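S.K.: What follows is a structure written as structure tokens; I'll ask about it next.
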Amino acid sequence: MGLTGLEIYKQLPKKNCGECGTPTCLAFAMALAAGKGALETCPYVTDEARENLASASAPPIKAIKFGNESVLGDETVLFRHDKTFYHPTTLLIKVSDKLTDSEIEAKVQEIEGLEFDRVGLHYSIDGIAVVNESSDQDRFSQVVEKVASATSRSLMVLSENPDALKAAVPGIASRKPLIGPATFENYEAVVNFAKEQKVPVILKADGLDALNELVESAQKLGYKEFVLDPGSRSTSQTLANLTHLRRLAIKKKYRPFGYPVIAFTGKNEPLDEIAEASVYVAKYASAIVLKTSIKAHILPLMALRQNLYTDPQKPIQVEPTLHVIGDVNENSPVYVTTNFSLTYYSVEGEVESSKIPSYILPIDTDGTSVLTAYAAGKFEPEKIADALAASGVAEKVNHRNLIIPGAVAVISGKLQEKSSWKVVVGPRESSGIISFVRTMQG
Amino acid sequence: MPITLVKEKYQSKVGQVIIGATPDQGGTRTKVIVAGGDSALPFLHFEGKVENRPVIAMEVTDIIPPWNDVIKEQFGDVLDNPIAWAKKCVEEYNADMIYLKLIGANPDGENRSPEDCARIVKEVLGAVGVPLVVVGCEDSDKDNEVMAAVAEAAAGENLLIGLAEQDNYKSITAAAMVHKHNVIARSPLDINICKQLNILISEMGLPLNRIVIDPMIGGLGYGIEYAYSIMERARLGALANDKMLSMPMICTVGYEANRAKEANALAEEFPGWGELQDRSILWETLTATALLQVGASILLMRNPAAVRLVQQNIADLMEANA
């Protein structure tokens, strides 16, 4: 995140000595802002200014890494269309130490099963947050150990009692758990302990003013591996807090808030909880701690997360090779579409539902949809004919019928000529495939 | 030291569209719906007024719809009766509006006559007091006839009627102008076509406060992110005083979300996805809650259980925040 030339100029010695190679301090500042000079060439800049300028060139939100490759923060925009969101919201499931051993086993087993495959993508839950709700610190240690031994996912260890953290964390410190929360009451003990164990720590205060004060106090302990919790548990207030924190960090480069933010759901009814969590996935939470761990609840939330964190510049693509749906034979129909994953899987889903084993050939259109590719000259008859020949499907079927999307009916003549396959114009929408193949067969 | 929060100052706000008319306004509705009007990003009460809360219109069709059992079972035996069905949506599920889809008009299906369609609209108007959204069967020639008849029969009710599209907007716009209804302008996930269509419609003389944008959303898992970003840009455009993007936005949540395999496949078929019941409800719910975050004003929904969750989400988000 660069500063403007004027902001840099304010920090310079204003001697206009020219020793940096530029005639004036202002010109030097402009050069720095444009990334054309180095601060080191100025011999008179103060240490304080040097530090200010260095921290200003740091990313607006620090990346905090913990557990099994979980990365929080390191975001640069408020709207995904401005660039992209980089690090998908880390989702963790809460496990309370109030549960019995067998309940914990069952819960962890359920969490371990939160792995999903859909439309060629794999989603898996990121981790488990063990929460000290019993006031028993021995029990807490036991549960942390038990959970740690049952999963290799990222761990979060939460207790407001520093002694409970001190007992539970060292045994798993090598797994780099995210610990906390450090509050006004315990922050010296908790932050110092986190520093000693080299693990990141959650700073929790009620509201942004208090959080600001807590961050500044905690930074004085010489540690900066923080994750922020503004304390709110209602949907509306959490949305506001997440927005304020992200805006201050990015638009104002406000350093005390230049850390990732964690959200805890307030709702207890699982379906309401997922609806609540969907707001935080959309709006800037770097991590969310959930209570429900039921597959049917987690899958939709993970789909939303994957969707919103997709890079708008780089559409997700499938391999442009011949795909086989079901138990194909020499009479199976052959469809052609593009390798834009959304397009491909819309077709695949419908072909699958038709219950007729088929071949689908996605053409490499750099991940663009049928009409976009056609308009850009990436879905031309020559190209399709070449891909068809290269796919080897001709040896697999004994017919020569190729089904093309209805929206590009106009290419059928030319394609027929180039490929010497009989081109059949399919429905405009993939949702019409089922009735289309029925009429074809009937 | 207290933090100075970043509160955006916008030049303009989202336009307002009034749907429905009470008896003293020439209609028979017991209440009207006002969509839009916000002077802030969605639910950021701290920087501007969230003038009107988003509303939910529940979908009613004139023939029994091919929906999955998770949804159908909740309606019991009203699905073959649009009147009883609409009443149930309003009385039991607190729908803010009824979204009447005249699928029966389709020439390849029941091929119901425009007069018949108009009669059904009148019957539903007689059965419920909420405002109505009415669309045709997606056969453009037939829809032009059907919507002209509906617009005439329901003159004074200030319906929201659709769909006006880039290559077919004239006759529906004319019907809305003559009989004083509002129009849904639908564009295929393209902010430029969206803008262009609004210009074409307003050039015919329909005021901007009678147009609602349908950005043709994708459902969860199937392109929702495109709609999400287009709607976010449209909302930012409205706040920056782009008049041709300032209309409230309507989203076909029920239709899109329930097209997804994830909203229909039984657990026996896809054990990895968990039970269908909750999965199906949440698929529609999250399609709606995500789009609420980028400025949806009217949600067209199906599943009563999803409607309940989204109503709660809206109520939660309408609480003041700082």
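Glycine residues also receive a Cβ, built from the backbone N, Cα and C atoms like all the rest.
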S.K.: Going by TrEMBL, A:Thr337, A:Thr343, A:Gly367, A:Thr368, A:Ser369, A:Val370 bind 5-methoxybenzimidazolylcob(I)amide; tell me which of A:Ser236, A:Ser430, A:Ser431, A:Ser435 is listed for that site too.
M.R.: A:Ser430
S.K.: I need the CA-to-CA distance for A:Cys20 ([4Fe-4S] cluster binding site) versus A:Thr337 (5-methoxybenzimidazolylcob(I)amide binding site), whole Å please.
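M.R.: Here the two Cα atoms lie 59 Å apart.
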S.K.: In the domain '4Fe-4S' (A:1-59), how many residues does DSSP put in helix, strand and coil?
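M.R.: Helix (H, G, I), strand (E, B), coil: 27 helix, 0 strand, 32 coil.
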S.K.: According to DSSP, does A:Thr337 (5-methoxybenzimidazolylcob(I)amide binding site) fall in a helix, a strand, or coil?
M.R.: strand
S.K.: Can you tell me how far the Cα of A:Thr343 (5-methoxybenzimidazolylcob(I)amide binding site) sits from the Cα of A:Cys42 ([4Fe-4S] cluster binding site), in Å?
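M.R.: Spelling it out, the Cα of A:Thr343 (5-methoxybenzimidazolylcob(I)amide binding site) and the Cα of A:Cys42 ([4Fe-4S] cluster binding site) are 56 Å apart.
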S.K.: Which of these binding-site residues has the least crowded Cβ, counting other Cβ atoms within 10 Å: A:Thr337, A:Thr343, A:Thr368, A:Ser369, A:Ser430?
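M.R.: Each of the binding-site residues A:Thr337, A:Thr343, A:Thr368, A:Ser369, A:Ser430 was scored by Cβ atoms within 10 Å; lowest is A:Thr368.
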S.K.: With H, G and I counted as helix, E and B as strand and the rest as coil, say where DSSP puts A:Val370 (5-methoxybenzimidazolylcob(I)amide binding site).
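M.R.: Reduced to three states, the DSSP call for A:Val370 (5-methoxybenzimidazolylcob(I)amide binding site) is helix.
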S.K.: Taking the Cβ of A:Cys42 ([4Fe-4S] cluster binding site) as the centre, how many other Cβ atoms fall within a 10 Å radius?
M.R.: 22
S.K.: Write out the long-range same-chain contacts of A:Gly367 (5-methoxybenzimidazolylcob(I)amide binding site), meaning residues 6 or more apart in sequence whose Cβ is under 8 Å from its Cβ.
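M.R.: Listed in sequence order, they are A:Lys314, A:Pro315, A:Ile316, A:Gln317, A:Thr338, A:Asn339, A:Phe340, A:Ser341.
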S.K.: Which residue among the binding-site residues A:Cys17, A:Cys20, A:Cys25, A:Val370 has the fewest other Cβ atoms within 10 Å of its Cβ, if you could check?
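M.R.: Least crowded of the binding-site residues A:Cys17, A:Cys20, A:Cys25, A:Val370, by Cβ count within 10 Å, is A:Cys17.
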